[in-house]
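Take a look at the structure below.
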Amino acid sequence: MPELPEVETSRRGIEPHLVGATILHAVVRNGRLRWPVSEEIYRLSDQPVLSVQRRAKYLLLELPEGWIIIHLGMSGSLRILPEELPPEKHDHVDLVMSNGKVLRYTDPRRFGAWLWTKELEGHNVLAHLGPEPLSDDFNGEYLHQKCAKKKTAIKPWLMDNKLVVGVGNIYASESLFAAGIHPDRLASSLSLAECELLARVIKAVLLRSIEQGGTTLKDFLQSDGKPGYFAQELQVYGRKGEPCRVCGTPIVATKHAQRATFYCRQCQK
C-alpha cells in the first residue's frame, strides 16, 4: 500500500502539470472503487486546478467549486500522460486537462477512492486524523505524552492514524530499527529520550524516502512511470533471514493482525 512518501511523491509529480491548468472533463471507466466515484466527478467541466495538497495518505485537488479527494488504496498510482495515449485494463479514471495532458488513475485492485466535497473541514475521511509526521506538532514530547498510558506494542500504535498519519508498515519497521526499539515494546515503556529519538528518526526516514521517490515493492509508480528507489535502502523490511546491515544477525519476521513485522533481535531492544 502506498504510504506517506509515495503519496507525497505523487503530489510533487502531478502538481506542476495540474496547477494553472483546467480540467476540461473527467472520464470514469470504472467507478466501483473502495467507495463509488462521486457523481460530481463524472460531471466535472472547465474547472481550473488551484492547488494540489496532501493530508495523510489523501491527495487533495482544490477547484473553485470544491475538492477532489483521492486515495491510492492498495495498488493505485497516478501518472501524467499525453491525452492521446489509450487507456489500459486497470486505468479507471482520467482528468483531461487543457494543456494536452491527462491525469490517469490506475488501480488493479480497485481499493482506492475518488471523492468530492464542498468543504474539506469535517469530511469523514479527514476528521479524526493525527498530526503530520513532518510537522512541528509531531515531536518527542507529543509522542511521549501519547504513549504514556498506552498498553499496546509501539509498532501498531505508530501505525494508528489517530496518533500520527502516514507511518505505515514499511516506515514503522524502518524507523523502529533506526531508533533501536523492539517493535513489541509496550508504548508506555518508552522514555522521553527514546520518544524524542524515535520522532526524529521517523522524520528522517520519511524525508529520505521522499527524496528517493518512495518505495516500490509491487505496484507503486511515480507520476512519470518510474519506480521509487527507497526499496534499495531498506534495512529490515522485506529482509527476513538476511543479515542485519549493522551487526550481521539474521532479520526476524513475525506477523500480527495480518501485518508483517521485521526487526533485528540484536539491534532492537
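Cβ atoms are placed via backbone N, Cα and C, with glycine included.
Annotated features, as they stand in Swiss-Prot:
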- Pro2: active site, schiff-base intermediate with DNA (ACT_SITE)
- Glu3: active site, proton donor (ACT_SITE)
- Lys57: active site, proton donor (ACT_SITE)
- His90, Arg109, Lys150: DNA binding site (BINDING)
- 235-269: zinc finger (ZN_FING)
- Arg259: active site, proton donor (ACT_SITE)
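Here is what falls inside 10 Å of the CA of Lys57 (active site, proton donor) among the recorded positions Pro2, Glu3, Arg109, Lys150, Arg259: Pro2, Glu3. Same-chain neighbours of the zinc finger (235-269): 153, 155-156, 159, 169-170, 173-174, 176-178, 180-183, 217, counting only residues six or more beyond its ends whose CB sits under 8 Å from a CB of the stretch. Shown for the zinc finger (235-269): DSSP residue counts in helix, strand and coil, namely 0 helix, 12 strand, 23 coil.
Across the recorded positions listed here (Lys57, His90, Lys150, Arg259), the residue whose Cβ sits among the most other Cβ atoms within 10 Å is Lys57.
The active-site residues Pro2, Glu3, Arg259 include none with a CA atom within 10 A of the CA of His90 (DNA binding site).
A straight line from the CA of Arg259 (active site, proton donor) to the CA of Glu3 (active site, proton donor) spans 14 Å.
Residue environment of Arg109 (DNA binding site) contains 14 other Cβ atoms, counted within 10 Å of its Cβ in all protein chains.
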